[in-house]
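What follows is a single structure, written as structure tokens, with notes after it.
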Amino acid sequence: MPQRSLSHSRLSVPCTTRSRSAVGGKGEDSTVTMELITRRPLTSDLVNLRTGSGSGSGSSNGEVPAEITMPALGSPTLFKLRDRTLLTEEKRRLCGWALGIALFGIFLMILQTELCWFVCGKGSVSVFIVRLLISLSTVCLLGLLVAFHYKDIRVFMIDHSVEDWRIALTARRVLSISLELGVCALHPLPLVWLPGSWEDGEGVRRGGGWNATLPSPLACSLAAWELLPCFLMFLRLYLVHRALLLHSKTLLSASYRSIGSLNNIDFQFRFVLKVLMNTHPGRTLLAFIVCFWLTASWLLTLCERQSEASVGRMEDTMWLIAITFLTIGYGDITPQTTCGKTVCLLTGVMGVGCTAMLVAVVAKNLSLNKAEKHVHQFMMDIKHTKKIRSAAANVLRECWLLHRSGRGRRDSGENRRNQRRLLEAIRVFRKARLKQRKLRDHANEMVDLSKLQVMMSDLNGNWSTSYKEMERRIGSMEQKMDELSRAFQETSQLISRALQHRAGDNSVA
């Protein structure tokens, strides 16, 4: 047997770096060899590792050189993980800025609509300036979205080891980007402001706009082609789900992503929403319901202002949205315009879904956990056991009373009363037994599972013990069989020798 010994082994790692020559400006390679001294067991049968020149050296003193060529500094594959991390951080920052610009544009849109109605009309300079700011914010938003998708394409190229960016531009991606830019580009246009005037019931009011003279109610209202871009600006809120996805702890956690990739989990907004609903269901639903109520109430107010209805006030629309969302519908306030009816219809649909989720969350919070179920069912089992014992004692007592009162007086009233009491005691006893049986049928299965696990572990231990005992006995039987075979061989040899010796004696005689 070769003797094993611990000796030093040198692992030489050449790192190839590229330096620029002083003359001619051409790049030339220079190799730096790093030697890592490790302690490892060596035997006489070890084979020298040959990975380049100098493989024969070090064989006499037990040192085995092994050279590992590392990638050159500046190689595209060396900093791929770092580039992906930086791009993901930039995507997160761009998405945050895009969401902020989108919310700022929606705020400006609401401001210009309220200015049109309450302050100075839709043809004023203030409204024109606000709409101009809306257009500028829209241009900034489109630029941020283009930069975001540029970073996303670069991440795709790194993930799939693609060198040409045009490979990442599939038809589906191009359609998605175009649709997103088209949705975010919708906004009230800053039309040219022209001086003009309109009349009201008291006289002439100076202002500006596209029409020279308009009645007072219509001077503050917006046309359908002006209302539609205001409504469509709320579609920019789709950026909220992207921001939640990129800023969620689920996506930022390396352990989440590694374990999820092993289990083929796609880290999209649906998974993040499920995590939020399981960790913070109340806050998530409350934030969504409050935001939806305020948005739907303002949209319904804007719709109903275009008519002579009485639903054009914010408090009335909030009440109408609330009772529609909760699917109550008193009917005291109804929308008059087609736009308002559409908003109420969508509110009712969203109310049904949110009510179902709210009921599920409340039911989950009110349900008992495993330990509470175990304690409750254990106490109920004790309670039913006491009732069964009491009912059984009552049955025995009534049987004794019936037996004592039935001697020679089988038609008496006391005997009939004792019979009724006995039947009632039997009914109570059977009812208590039935309740206990139902309780045990609906008992916590985790207790049975724990018992089953204990039984399986005991059974496994017994099997392993029996298996070891069986192996030991089989080994002893093999040894005995070997001894018997050796004894048979020795006996046969002795017999053969005896026969030969006797045959020799007979031949001499």
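Note that Cβ sites are derived from N, Cα and C of the backbone, with glycine treated the same way.
Copied over from TrEMBL:
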- 1-20: compositional bias 'Polar residues' (COMPBIAS)
- 1-28: region 'Disordered' (REGION)
- 94-113: transmembrane segment (TRANSMEM)
- 125-148: transmembrane segment (TRANSMEM)
- 174-194: transmembrane segment (TRANSMEM)
- 214-239: transmembrane segment (TRANSMEM)
- 284-302: transmembrane segment (TRANSMEM)
- 317-333: transmembrane segment (TRANSMEM)
- 345-363: transmembrane segment (TRANSMEM)
- 381-455: domain 'Calmodulin-binding' (DOMAIN)
Positions on the same chain near the transmembrane segment (94-113), where near means CB under 8 A and six or more residues out:
127, 130-131, 133-134, 137-138, 140-141, 144-145, 147-148, 151, 184, 187-188, 222, 230, 233-234, 236-237, 239-240, 242-243, 246-247, 298, 302
Can you name the far-off residues of the same chain, 6+ from the ends of the transmembrane segment (345-363), with a Cβ under 8 Å from a Cβ of it?
277, 281-282, 285, 288-289, 292, 296, 321, 324-327
Sequence-remote partners of the transmembrane segment (317-333) [C-beta within less than 8 Å, at least six residues beyond its ends]:
289, 292-293, 296-298, 300-301, 304, 310-311, 343-344, 347-348, 350-352, 354-355
Express the predicted model's confidence over the domain 'Calmodulin-binding' (381-455) as a mean pLDDT, rounded to an integer.
80
Sequence-remote partners of the transmembrane segment (125-148) [C-beta within less than 8 Å, at least six residues beyond its ends]:
91, 94-95, 97-98, 101-102, 104-105, 108-109, 111-112, 115-116, 119, 177, 180-181, 184-185, 187-191, 193, 208, 236
